[in-house]
Structures are given as C-alpha cells and as structure tokens.
Amino acid sequence: MTDNDRDASTDGKAALDVAREDDVVIAKEAPKMVPLRALFRFYKPLDVALLVTGMLFAALGGALFPAVNVAFGRLLDSTAVGDVAGQIDSAVIAMEVVAVSLGVSLTLAYWLVSWASARASRNLRCAFVRSMLAQDIKFFESKKAGELATLTGATVQDFQLGMAKKFAELVQSFFSMGGGFGVGFYFSAELSGVILACVPLLGFATFFLIKSIQDQQKGNSEYESAAAVATETIGAIRVTNALNYQNVATNRYKANLGKAQRYGAKQIWKASFAGGGLFASMFVMYALGLWYGAKLIADSKAAALADYPPPSGLGDTSDATWGAHSTYAESVCTYTNEPSKMYTGDSLLQCACNLDYAMASLTTSPNCGCGYRLDTTFGSVLDSAASPCLSGGTIVMVFFSILFGGVALGQAAPPV
C-alpha cells in the first residue's frame, strides 16, 4: 500500500469518525418541550376573549350534566307522592330546561373555542412564513422540495385540533367530573364513597378505549410501506421484469402485509379489551351501588323513625288530633299486590309519616319519620336532600352522578 493510499484511508477513517460523532450528537438531541403558556403566544386579544368565553360555556355545559341526574331523580321520586301529575310535569319541565341549556352552552363553547383556535393557527402560519423568509440561502439548500410546506401543514393542523375540540373537551370533562362528584356527595356521601371505589377502574377503561380508537384512526403505517413497494415495483415494471424481480417484490409486499395484519389485530385486541373492561367496571358499579343503596334506604327509614318518632295518636282512628290522619293512612298504606291487605306496626307508622295529607284536605302533618323536613336554602330542586331518608330516586341520582364523573375523568385524559 502506497503512502497516498494510506493517507486516503486515514482521511476516510477520520471522516467516518467525524460522521459517527455527528450522528451521535444528532441522536442525543431531543425536541425541547415548551411550557403550556407558550401555546397561547399566537392568540391576540380578540382571540383570547373568544377562548375565555368558550371556556366559560364549556364549563357551564360540563356542570349541567349532573343536573340531568337531579331532574331524573326527581322524576322517579314523583311517582311516590300524592300529586303525581304535578310532580311529573315539574320534573319534565326541569329536564327540558337543562337539555336546552346544555345544548346551547356546548354549541357556543365548541364554536367559540374552535374559532379562536383557527385565528391563532392563522397567526402561527404567518409567523412561520416571516421567520422562514428571514433565513439565508443555506437553510433552503438543506431542505427538500415541499418539505417545509408539509411540515408546516401537519404541525399547524395538530396545533389547531389540540387547541379547539380537545381543549374544549378537557374543560368540559373537568367540570363534568367535579359536578358529578359534587352532586353525589351532597345527596349521599356514604354511597358516593362506596361507588367511588370503582371509579379508577372505570376511568382507566374509558381512557384506554378512547386511546385505542384514536390509534386505529391514525392509520397503519405498515400498509403505507406495502403500498410503497407496490408503487415502486409497478412504476419500474420494465426493470422488474428485466431483472426477474417479481418474486422478490411479491415477498416484500407480503411481508409488509403480514406486519400490517399483526398491527391491526393488536389494535383490535386493545379496543376489545378496553371495551370489555369498561362494561365490566360499569356492571360492577351497578351491582355494588344498587345493593348498598337498598341497604342505605332500609337503614335510613329505621333511623328516621327512631330519631323523629310519630305522635302518640297517629295510628289510632279514634284520636281527636290524629284520627283523621290515621283513617286516611289505613286507606292508602296497603300492599301493591294485595290492595285489601293493610300495613301494620312500624310499616304503617312509616307510611303514615311519609304521606302528603294535603291530598286528604288535612292542613296538619305529623312531621315524623321520612316525612320530617328540614329547612333548606336550595329550593325545590334539592328537596330530597332535606329528607332524613334516602329514596330510590336519590340512589339512582347519586349512582349516575358518580358514574358520569368517572367517565368524565377518563375522557379528560386523552385531550391532555
């Protein structure tokens, strides 16, 4: 080997070492994360006003979701009172008001947030073009044709999607979660605590289900690799035939299809497992909530009768003060499947305490047992919370409020 060959070999090794060092340096460099507030640097004052207004409507819409459960619980309890028709009408009107308010608030929320995001995306594109035109010619020589336009379009599209629909969903889910848990703990903290034990399982299942669906929507890159092989082979069909390359190209195509099949099966398995986990956690919550709710109803009735005992004359039809009340109670407090069979003992007293005696044109009430009422400053919407007894409507209201809160917790994770 001559001296020139040795020098060339040395220079080649040196260049290779430099290239390897450069590769190592480049490989170690990672994209720098920006703080959350940097996402709003392209929002002008009008854009900020639109965003804040949209966030307020999203928060209102999220907080109104538990109100549907309150109205539904009142609707269930309305069948157990004297003026059934009037109570049902009131509950249905409340549900209609909540539905209209919910639709209007969420429509305005997503519209305003998306509008602000579109304006901020336009500002981002303008800032990128100004920055790009300020670069020297060396910058453009290192880029491929159309690379900057493609990168800009994809990046700005992700920014706009994240700051529009995803951001509104995050605000809505947060307030839905807080409102659901708040309603549940207000009406029954004990039942809410029991049901809340299943919420982490429900939240994780909802999160993985949404993530698996989003991963499926992103597409399968292996199909793109197979398509690239087919395009390359067909585009150079003459070369393929001349080199007898058909079998090799076919095997490459099949290999990529096999990877795509395995990837698709993996994503479907994830979605199926997440969906099964979601329904399993929901039914566990159903069983636990309804069983413990029935226990709380029975215990609350016994405790209310002991804490707020009926007057001594209630149950005696000949009593001067409560005789008329007792007569009315005996005519109403009968078994559903045997109307001729009347309640007796504590069951009769419990039923008598819970009746609406205004239906019998009686102006006084024994104010005992489950019929005992505390003063509440919240109005008729929260009347069931003023009763010392839990009702079926309250149990359903608490259960679905915690359930919706857990689902909202899982929905809040993917936008983040």
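Including glycine, each Cβ sits where the backbone N, Cα and C put it.
The structure displayed is predicted, hence computed values, not measured ones.
Taken from TrEMBL as is:
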- 48-72: transmembrane segment (TRANSMEM)
- 52-299: domain 'ABC transmembrane type-1' (DOMAIN)
- 92-113: transmembrane segment (TRANSMEM)
- 167-187: transmembrane segment (TRANSMEM)
- 193-210: transmembrane segment (TRANSMEM)
- 271-292: transmembrane segment (TRANSMEM)
- 390-410: transmembrane segment (TRANSMEM)
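Sequence-distant residue pairs (6 or more apart) of the transmembrane segment (390-410) and the transmembrane segment (92-113) include fewer than 3 whose Cβ atoms are under 8 Å, leaving the two stretches without contact. Spatially, the transmembrane segment (48-72) is not adjacent to the transmembrane segment (193-210); fewer than three Cβ-Cβ distances between them are under 8 Å for residues at least 6 apart in sequence. Most Cβ pairs under 8 A with the transmembrane segment (193-210) among the ranges 92-113, 167-187, 271-292 are made by 271-292. Panel annotation: around the transmembrane segment (92-113), residues 50-51, 53-58, 60-61, 64-65, 67-68, 70-72, 74-75, 163-165, 167-168, 171-172, 381 of the same chain, lying at least six beyond its termini, place a Cβ under 8 Å from a Cβ of the stretch.
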